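Below you'll find the structure, written out as structure tokens, and then a few comments.
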Amino acid sequence: MATARVEYIAPWWVYWLHNLPHVDFSLQRESGDFNPKDPGYQQTLLFVALFIALCAAVNLLFVSGYLICLCCCKKEDETETKMTSSCCVTWTAAVSGLLCCAAVGIGFYGNSETNDGVYQLTYSLDNANHTLAGIDSLVSNTNAKMKEDLDQHLFRLNEIFAARGDYIQSLRFMQQMAGNIIQQLTSLPNWQGTSVNFSEIARNASIIEYYRWLSYLILFITDVVICLVTCLGLAKKSKCLLLTMLCCGLIALMLSWASLALETSSAVGTSDFCVAPDKFILNMTPDQITADVVHYYLYCSQSQRNPFQQALTVFQRSLTTMQIQIQGLLQFAVPLFPTAQKDLLGIQLLLNTSESNLHQITALLDCRGLHKDYLEALIGICYDGVEGLLYLSLFSLLAAVAFTAMVCAMPRAWKHLAARDRDYNDVDDEDPFNPQARRIAVHNPNRGQLRSFCSYSSSLGSQASLQPPAQTVSNAQAAEYMNQAALFGGNPRYENVPLIGRGSPPPTYSPTMRATYLSMNEESPNIYSNVFPA
């Protein structure tokens with residue numbers, strides 16, 4: 001198998017984050033080596049978060065200054081800029097909503113990538129923990145069999161073979177081989193502390209990741225709801241919704257900056273680990289595990305010597321020697337001492353079980369299994385995990401920009417709605433042509449209507465409050481009006497529909513139209529004499 005350095009290569013974004021300046025609170029450069037217990041290194045990560053917090057403060061100051069200036073500025077002539085302001089608010093809200101939706105989409109992808117990376121890490125840690133716990137279980141089981149069960153069988157056989165010195169010598173030799181096996185098993189590393197650490201890390205990582213994933217999911221949904229409700233408030237021109245969403249937008253803006261600080265500092269710290277993970281693991285290895293063993297699992301090279309080879313070889317040879325001795329006693333001693341057969345078969349079964357345990361221990365101690373888990377954990381946290389954190393950082397940045405634009409646009413929408421209400425209410429209540437009078441006329445059809453000034457009947461004056469003038473209109477004039485209506489409209493009729501009932505003001509005539517109408521009146525007798533002959 002190739003070395004870990006060939007199989008695992010940190011991605012470019014890890015090196016990019018690792019090469020960012022590591023500065024402590026005194027503005028002094030610190031080492032970028034991952035060491036979370038070092039106070040200086042902790043300050044470098046906190047400095048990244050504080051720098052983003054400073055950017056958030058500048059952003060909030062800008063938004064606050066903009067809102068104050070917008071509220072304190074003098075009222076200008078809004079008639080010329082009403083359409084421009086409305087269009088600007090609409091486009092700002094639309095772009096902010098689209099930007100927020102794009103940010104949420106990026107955030108969903110980043111959240112999923114980070115979750116996959118942490119899941120791969122915990123899965124690999126659980127596999128490694130299972131392997132190490134299996135080694136400890138097999139070693140302790142084999143030691144117990146060699147110390148207790150074998151001693152009981154040998155004690156009874158010593159009593160049975162007391163008269164035969166050669167058989168007693170064989171039993172003592174097997175006792176010596178069992179001691180060698182116990183000694184070699186004791187020399188193997190005790191993985192109990194390491195497996196407990198792996199189990200604790202995996203459990204804590206799973207719990208933290210669950211709440212992190214759930215928190216971001218709630219944040220995504222909240223951002224989308226704020227954008228949708230803001231658009232709804234603009235569409236319905238609701239001041240209450242706009243005011244509520246203004247407060248929610250400010251809260252979402254602060255949450256976006258806070259998440260950006262957390263994600264960036266976490267990405268920088270994880271990248272520092274991913275650049276040189278072997279160095280950190282060597283420094284954190286418990287004292288009972290030697291550096292040779294750690295190197296064996298970290299690099300897993302075929303050219304590297306197996307640190308367990310000698311112990312396993314002695315174990316195998318001792319078992320083989322004991323099995324040969326038991327075979328000889330079964331062949332030669334059982335015919336003379338039939339009562340010894342049960343204990344000899346018990347020792348043979350114990351040796352067969354120990355040999356099976358030896359094969360399992362050899363397979364579990366091989367570097368390929370644990371090294372595979374190690375590489376999968378690195379790929380999960382350094383590829384998917386850091387990549388997901390970068391996408392989440394991009395989400396937070398875009399969301400901050402979107403909510404900044406949205407918060408700045410909502411007061412202008414408020415002013416536009418207020419100006420619209422003032423224009424709507426600034427009308428004469430006695431004006432029969434204002435919108436309110438038109439609505440009343442539509443909803444109250446039984447109300448007395450004013451007669452049209454242009455209709456034939458109203459020109460005679462039909463209202464009771466007005467004194468009608470003397471009747472000067474003849475039948476010929478009525479026929480003349482009907483014929484004019486026939487010429488211009490196609491059908492002779494009286495115009496009996498009041499203009500006010502239609503919701504339109506009385507007509508006005510330009511001088512040109514009046515001259516044209518008078519000239520047509522002068523020529524009308526000739527035309528009417530042809531149309532209606534006497």
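Including glycine, each Cβ sits where the backbone N, Cα and C put it.
For reference, Swiss-Prot has these:
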{"type": "TOPO_DOM", "residues": "1-44", "note": "topological domain 'Extracellular'"}
{"type": "TRANSMEM", "residues": "45-65", "note": "transmembrane segment"}
{"type": "TOPO_DOM", "residues": "66-87", "note": "topological domain 'Cytoplasmic'"}
{"type": "TRANSMEM", "residues": "88-108", "note": "transmembrane segment"}
{"type": "TOPO_DOM", "residues": "109-213", "note": "topological domain 'Extracellular'"}
{"type": "BINDING", "residues": "Glu113, Asp116", "note": "Ca(2+) binding site"}
{"type": "CARBOHYD", "residues": "Asn129", "note": "N-linked glycosylation site"}
{"type": "SITE", "residues": "Arg164", "note": "site 'Essential for the formation of the channel-pore'"}
{"type": "CARBOHYD", "residues": "Asn197", "note": "N-linked glycosylation site"}
{"type": "CARBOHYD", "residues": "Asn204", "note": "N-linked glycosylation site"}
{"type": "TRANSMEM", "residues": "214-234", "note": "transmembrane segment"}
{"type": "TOPO_DOM", "residues": "235-240", "note": "topological domain 'Cytoplasmic'"}
{"type": "TRANSMEM", "residues": "241-261", "note": "transmembrane segment"}
{"type": "TOPO_DOM", "residues": "262-388", "note": "topological domain 'Extracellular'"}
{"type": "DISULFID", "residues": "Cys274-Cys382", "note": "disulfide bond"}
{"type": "DISULFID", "residues": "Cys300-Cys367", "note": "disulfide bond"}
{"type": "CARBOHYD", "residues": "Asn352", "note": "N-linked glycosylation site"}
{"type": "TRANSMEM", "residues": "389-409", "note": "transmembrane segment"}
{"type": "TOPO_DOM", "residues": "410-534", "note": "topological domain 'Cytoplasmic'"}
Quickly jot the same-chain residues contacting the transmembrane segment (45-65) by Cβ under 8 Å, restricted to those at least six beyond its ends, or write none. 20, 23-25, 250, 253-254, 257-258, 260-262, 264-265, 268-269, 400, 404, 407-408
Predicted model, mean pLDDT over the topological domain 'Cytoplasmic' (235-240): 80
Report, in whole Å, the straight Cα-to-Cα distance of Asn352 (N-linked glycosylation site) from Arg164 (site 'Essential for the formation of the channel-pore'). 26
Secondary structure content, the topological domain 'Extracellular' (109-213) (per DSSP, counts of residues): 97 helix, 0 strand, 8 coil
Any idea which of the glycosylation sites Asn129, Asn352 has the thinnest Cβ neighbourhood at 10 Å? Asn352
When the Cα of Cys367 (disulfide bond) is compared with the Cα of each of the recorded positions Asn129, Asn197, Asn204, Asn352, Cys382, which one is closest? Asn129
Sort Cys300 (disulfide bond) into helix, strand or coil using the DSSP assignment. coil
How many neighbouring Cβ atoms, not counting its own, are there within 10 Å of the Cβ of Arg164 (site 'Essential for the formation of the channel-pore')? 14
Within the same chain, where does the topological domain 'Extracellular' (1-44) have neighbours whose Cβ lies under 8 angstroms from its own Cβ atoms, ignoring anything closer than 6 residues to its ends? I mean 6 or more beyond. 267-269, 271-276, 278-280, 283, 298-302, 367-368, 371, 374-375, 378-379, 382-383, 386-387, 390
Measuring Cα to Cα, how far is Cys274 (disulfide bond) from Glu113 (Ca(2+) binding site) in Å? 17
